[in-house]
Amino acid sequence: MAFQEFNDTGYWGKPTATIDWCEKNYEVNYYVAEMWNTISNLMMIIPPLWGIWDMKKQKFAQRFFFCYSFILVVGFGSLAFHMTLLYEMQLFDELPMVWGTCYCVYCLSIVKHDMKSKIIPNKLLLLTLIIISIGFAIIYLAWPQPLLQHFCYGILVAISLAQEIKLILEFKCAVCKRMFIVAIALYLFGFFLWNIDNILCKNITILREHIPMFLQPFTQMHAWWHIFAGYGVYIQVLFCIHSTYDYHKKYKHSSVLLPEHMYFSIRWQKTTKTGDCCSSAVNDLGQSTFHLSSALL
C-alpha cells in the first residue's frame with residue numbers, strides 16, 4: 001500500500017495513519033483530508049440507522065440491532081479516518097470491521113436457535129470469536145500492519161459467506177438465494193474497485209488531471225468501495241433476518257418476509273400461493289432485483 005507523493009497538510013496536520021489512499025489530501029476542503037472518501041461513508045451510516053428504526057418497529061430480535069450497530073460504528077470510524085488520516089481514527093475504522101464480522105459469523109451460526117430462549121446459544125463459538133476479536137486488537141496494536149487487518153477481515157468475510165451458502169443449500173429458499181446474489185455482487189464489485197484504487201493509483205491520478213473537475217469525484221474508486229460494500233453488507237443483515245424468521249415460521253404460512261425499497265427494508269407480505277412461502281415469492285422478488293439492477297446500470 002504505497003503512500004501518495006502528495007500529502008498536503010490541512011486542519012488535522014500531517015497524516016499519522018499507516019495507510020494513505022489515492023484521493024489527494026485536502027484538495028477540496030481544509031478541514032477534510034479526503035472529501036469523497038469521507039462523505040461516501042454515509043452509505044454505512046444512513047442505511048443502518050434506518051435498519052435500526054425498522055427492526056424496532058417490526059420487533060425483530062435484538063441480535064439484529066447489534067448487526068446494524070456494528071455497520072454504523074464502522075461507518076463513523078471510516079468517516080473519521082478519511083476526514084483526519086490520523087492513526088487513532090484508523091483504528092476506529094479497522095478494529096470494528098473485524099469485531100463486526102465476528103458478530104456476523106456468530107449470528108449466522110444461531111439462525112436455528114429459538115429467539116425467545118434466554119439461554120445464550122453456541123457459547124463455545126461466541127467465546128472463540130471474543131478471543132479472536134481481543135487477540136486481533138492486541139496484536140494489531142503491537143504490530144500495526146495493514147495487511148494483517150486485511151487478512152483477518154478477509155478470512156472472516158469468507159467464513160460468513162460460506163455460512164450463508166450453507167443456509168441457502170439447507171433451507172432451499174429462493175428469497176435467500178436472490179438476496180445473497182445481490183449482496184455478494186455489490187460487495188465483490190466494490191472490492192474490485194478497491195483494488196483498482198490501490199493498484200492503478202498513479203494512472204487514476206493522471207486521468208483526474210485531464211478531465212473536468214466535476215467528473216473527478218466519479219474516479220474515486222475507494223469512495224465507490226464504501227458505497228457498494230456498505231450496501232452489500234447491509235443486505236447481508238437482511239439476509240440474516242429473513243433466514244432466521246423463515247426457519248422458525250413465526251408467522252402464518254400465508255405471509256412471507258420479503259425485501260422492499262431497493263433492498264433497504266424487509267416486510268411481511270401476504271401471498272395467496274400455496275406451498276413454501278419463501279419459494280412462492282420468487283416472482284415478486286425477481287422483479288425487485290430487476291429494478292435494483294436497472295438502477296445500478
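Count begins at 1; order follows the chain as displayed.
Any Cβ shown, glycine's included, is placed from N, Cα and C.
The Ca(2+) binding site feature in TrEMBL is assigned to D20, W21, E23, N25, E34. The Zn(2+) binding site annotation in TrEMBL covers H82, H222, H226. Residues or ranges marked as transmembrane segment in TrEMBL: 35-53, 65-83, 95-112, 124-142, 148-167, 179-196, 223-245.
Distribution of TrEMBL features across the structure.
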| residue | record | Cβ within 10 Å |
| --- | --- | --- |
| D20 | Ca(2+) binding site | 18 |
| W21 | Ca(2+) binding site | 26 |
| E23 | Ca(2+) binding site | 27 |
| N25 | Ca(2+) binding site | 22 |
| E34 | Ca(2+) binding site | 27 |
| H82 | Zn(2+) binding site | 28 |
| H222 | Zn(2+) binding site | 21 |
| H226 | Zn(2+) binding site | 27 |
TODO: Verify whether three or more Cβ pairs under 8 angstroms connect the transmembrane segment (35-53) with the transmembrane segment (95-112), leaving out any pair fewer than 6 apart in sequence.
DONE: no
TODO: Using a Cβ distance cut-off of under 8 Å, indicate which of 35-53, 65-83, 124-142 has the most pairs with the transmembrane segment (223-245).
DONE: 35-53
- [ ] Report, as numbers and ranges, which residues of the same chain sit near the transmembrane segment (179-196): CB under 8 Å and 6 or more residues beyond its ends.
- [x] 161, 164-165, 168, 204, 221-222, 224-233, 235-236, 238-239, 242, 259, 263, 289, 292
Open item on the list: Around D20 (Ca(2+) binding site), which of the listed binding-site residues (H82, H222, H226) come within 10 Å, judging by Cα atoms?
Closed with: H82
TODO: Calculate the distance in Å between the alpha carbons (Cα) of H82 (Zn(2+) binding site) and E34 (Ca(2+) binding site), and round it to a whole number.
DONE: 5
Open item on the list: Cβ within 8 angstroms of the Cβ centroid of H82, H222, H226: which residues besides those meet this for the Zn(2+) site?
Closed with: W21, E23, E34, W36, N37, T38, S40, N41, S78, Q220, A223, W225
- [ ] Round to the nearest Å and give the CA-to-CA distance linking H222 (Zn(2+) binding site) with E23 (Ca(2+) binding site).
- [x] 8
- [ ] Could you round the CA separation between W21 (Ca(2+) binding site) and H226 (Zn(2+) binding site) to a whole angstrom and send it over?
- [x] 13
